[in-house]
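Okay, so here's the structure we're looking at.
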């Protein structure tokens, strides 16, 4: 993928992840740590009970992190498939005898369209993740 296009996607995804971390994940981390601390304050509990309590406290955060990771992987896979299609199209054009400059332009245009299309998916993906993260916290 063209470096500029890659940078555009990376900055948009980084911004989304920072927003999710600030608005959702961080609150869940705070709850998890306070919950875990309460487990440790339980003087009558056995070591195993305290450990299980801490595991229960950590479960929502682990679920949230898994959700974000899964959505980002799906997004990355879709973008990779799109750019792979562009590469295949360019290779087919070269095999058919097209000029290299024409093929490069065609490839650039195709990759830019992939990036534009996927950039347009980010707001919906963000909203969907925020909704899912909110429901995990409850």
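Placement of Cβ uses the backbone N, Cα and C atoms for every residue, glycine included.
Lifted from Swiss-Prot, the feature list:
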type    : residues : note
MOD_RES : 2        : N-acetylalanine
MOD_RES : 124      : phosphothreonine
MOD_RES : 126      : phosphothreonine
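Comparing the modified residues 124, 126 on other C-beta atoms within 10 angstroms of each C-beta gives the minimum for 124. On its own chain, the residue listed as 'N-acetylalanine' has 108, 111, 112 as residues at least 6 apart in sequence with a Cβ closer than 8 Å to its own Cβ.
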